[in-house]
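Engineer: This is the structure, below, for whatever I ask next.
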Amino acid sequence: MSNITDPQMWDFDDLNFTGMPPADEDYSPCMLETETLNKYVVIIAYALVFLLSLLGNSLVMLVILYSRVGRSVTDVYLLNLALADLLFALTLPIWAASKVNGWIFGTFLCKVVSLLKEVNFYSGILLLACISVDRYLAIVHATRTLTQKRHLVKFVCLGCWGLSMNLSLPFFLFRQAYHPNNSSPVCYEVLGNDTAKWRMVLRILPHTFGFIVPLFVMLFCYGFTLRTLFKAHMGQKHRAMRVIFAVVLIFLLCWLPYNLVLLADTLMRTQVIQESCERRNNIGRALDATEILGFLHSCLNPIIYAFIGQNFRHGFLKILAMHGLVSKEFLARHRVTSYTSSSVNVSSNL
């Protein structure tokens with residue numbers, strides 16, 4: 001029987017967030033020169049992302065849930081997106097704790113937390129693509145009735161969550177906690193003799209559905225949306241274009257580096273490019289850094305999609321006015337200013 005699943009072969013300190021151990025029988029552990037430094041830098045970064053995401057996405061959900069009257073289709077997407085980003089962020093403290101003492105939470109939590117992290121990662125990215133489709137339909141095909149879109153949006157969101165659950169099932173099925181000799185306990189996949197094949201599948205899934213497909217959908221939809229805005233004589237088209245550019249640019253800046261490094265790591269693990277301890281350590285550090293950059297996207301979503309929008313600002317001020325934190329006169333002045341500065345409501349929910 002092959003010994004590729006023998007935990008003592010693996011360099012457990014070299015596992016990145018994806019938790020995929022090497023499968024080669026001649027695999028030899030490498031010394032990580034910056035393990036302690038990297039560990040605490042990652043913990044601090046996780047904590048900051050958690051706090052910022054918790055604050056921003058909670059505010060977005062609060063504002064949308066308060067404004068039951070006149071809730072738009074985009075608001076439904078934003079609500080689901082904020083929920084996905086919030087649930088994703090809630091797993092970060094557990095992963096941060098595992099950086100200190102290893103995985104001390106047992107197999108059940110290993111499976112559940114891994115599933116939560118993956119489901120909300122996929123659903124967040126897929127919902128971003130759905131928002132771009134919604135903006136494309138609203139601006140490029142403005143004849144589509146609001147009633148039709150409101151009826152469909154619930155099923156689209158359910159579809160995103162369902163697809164995300166299916167894409168995440170391998171992590172739930174195969175992950176377990178293990179405490180190897182002379183090393184900290186870890187949460188990783190046990191894939192048996194098919195480790196190499198399944199590793200490629202588990203790498204292809206986030207590459208495809210977590211980056212490439214959503215990116216092409218956004219580029220297509222926002223590309224045609226920009227073309228329509230250029231042709232139209234709309235007072236708010238320049239503002240809308242700035243938001244669209246911000247959406248695509250932030251997505252690329254956050255997730256492109258991680259996907260490129262993950263691709264390099266996959267090529268190295270499958271022996272397409274030569275593997276060495278120095279290269280493995282460099283890629284491991286790059287994965288840590290670029291992964292944090294990707295996680296930061298969950299904090300930036302509220303800023304891009306909600307805080308920039310005039311509807312969100314007005315809804316937030318309305319909640320403050322209801323609790324006596326701002327005057328109703330100030331709220332009325334803000335409403336008049338928003339109305340006179342946005343004769344076309346095309347960008348308010350972008």
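In case you wondered, yes, glycine gets a Cβ from its N, Cα and C as well.
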Engineer: Quick one: which of Asn16, Asn181, Asn345 has N-linked glycosylation site in Swiss-Prot?
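Structural biologist: So the answer, going by Swiss-Prot, is Asn16.
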Engineer: Per the topological domain annotation in Swiss-Prot, are Lys39 and Cys110 located on the same side of the membrane?
Structural biologist: yes
Engineer: Going by Swiss-Prot, which one of Cys110, Cys130, Cys221, Cys254 is joined to Cys187 by a disulfide bond?
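Structural biologist: Disulfide partner per Swiss-Prot record: Cys110.
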Engineer: Please work out whether the transmembrane segment (76-96) lies in contact with the transmembrane segment (286-308), by counting C-beta pairs under 8 angstroms that are 6 or more apart in sequence and asking whether there are at least 3.
Structural biologist: yes
Engineer: Based on Cβ pairs under 8 Å, which of the stretches 155-174, 200-220, 243-264, 286-308 lies most in contact with the transmembrane segment (40-66)?
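Structural biologist: The stretch with the most contacts is 286-308.
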Engineer: Could you count the residues of the topological domain 'Cytoplasmic' (67-75) that DSSP puts in helix, in strand and in coil?
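Structural biologist: Helix/strand/coil tally for the topological domain 'Cytoplasmic' (67-75): 3 helix, 0 strand, 6 coil.
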Engineer: Are there 3 or more C-beta pairs under 8 Å linking the transmembrane segment (112-133) with the transmembrane segment (286-308), counting only pairs at least 6 apart in sequence?
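Structural biologist: In this chain the transmembrane segment (286-308) contacts the transmembrane segment (112-133) - 3 or more Cβ pairs sit under 8 Å.
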